[in-house]
Amino acid sequence: MAELKPFLAKVANREVLTRDEARQAFDILMSGEATPSQIGAFLMALRVRGETVDEIVGAVTAMRAKMLPVEAPADAIDIVGTGGDGFGTYNISTLAAFIVAGAGVPVAKHGNRAQSSKAGTADTQSVLGIKLDIGPEVIARCIREAGIGFMFAQLHHSSMRHVGPSRVELGTRTIFNLLGPLANPAGARRQLLGVFAPQWVVPLAEVLKDLNAESVWVVHGNGLDEITTTGTTSVAALEDGKIRTFELTPADFGLAHADLADLKGGDGIANAAALRAVLSGEKNAYRDISLANAAASLVIAGKAETLHDGMKLAAQSLDSGATAAALEKLIAVSNDEE
């Protein structure tokens, strides 16, 4: 049985693990071969010292090796946030994902129940009528037939059960808050990834570059793990193997500045109702911010040349009923397991 102790000793000594050492250490963690106190100590030592790009790459590699994979088209995109920004907004990436699917780009969305808000994407999708507890074949069919499939993280990363109790007991952020969005079970190489703190924007773009991602924007928007309409969004874009950084404002999307209070969500029931209201034509701050995130996703996917074009396509998807049709089709296919 492999031992975590040598790796624990290194990080306790503020030494950095190589990529391979991190892979080995996380393999031990996710194989149930470390004690709860070792897991807690290891995760906090990393957190206090600060996780490096190589350590995150090694950890993601271990996590991907253990996940339950899903088949998806090569051009599928994931629109996902780390969660943990503490603001409890509506499920912005969820609505953006349906808009993108309605615009004709396959979406392989990975997500979980709420971490710090009252409703994560899984909570809201469950209320909408989407069946979460489905196998990889059904999810692949959802992506093929509805243009969007939802992968419920805990079903695809069962090895996480070995670290779950320690994470709950620690009650604070660990490296695992970053890993989930980097371990998409469908292997999506295109991604809009929102992070909970600005210092992670560039490092996570570097991680995804090292993991051979194709086209990615890592974003943090004025406190949110989304592109925001409440202020400035920091972006690290990975395109053609190169990372460039820039900032976006609501004006770049042709949108007015919004107040955070107008984006405050509730529980799964409230958030599902808000999402359906936008699908029914309600024009509000939730619609605007979701359109902005969808527009960026359409640029990442190569479907739109510019954010202006992306906004036009996204609005067409919503206003034509294509977004609502993608949702209804996903509900139907996810509940039909024949």
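Cβ coordinates come from backbone N, Cα and C, glycine included.
Under the heading 5-phospho-alpha-D-ribose 1-diphosphate binding site, Swiss-Prot lists G81, 84-85, T89, 91-94, 109-117, T121. The anthranilate 1 binding site feature in Swiss-Prot is assigned to G81, N112; the stated evidence is sequence analysis. The Mg(2+) 1 binding site feature in Swiss-Prot is assigned to S93, E226. Summarising the annotation, Swiss-Prot assigns anthranilate 2 binding site to R167 and lists sequence analysis as the type of evidence. Swiss-Prot lists D225, E226 with the feature Mg(2+) 2 binding site.
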Densest Cβ neighbourhood among D225, E226 (binding-site residues), 10 Å radius: E226
Of T89, S93, N112 (the binding-site residues), the residue whose Cβ has the fewest other Cβ atoms within 10 Å: N112
Neighbourhood of G81 (5-phospho-alpha-D-ribose 1-diphosphate binding site), C-beta criterion under 8 angstroms, separation at least six: I92, S93, P181, L193, G194, V195, F196, D225, E226
Number of other Cβ atoms within 10 Å of the Cβ of H110 (5-phospho-alpha-D-ribose 1-diphosphate binding site) across all protein chains: 26
Distant-in-sequence Cβ neighbours of the residue listed as 'anthranilate 2 binding site', under 8 Å, six or more positions away: L43, T174, F176
DSSP three-state assignment (helix, strand or coil) for N112 (anthranilate 1 binding site): coil
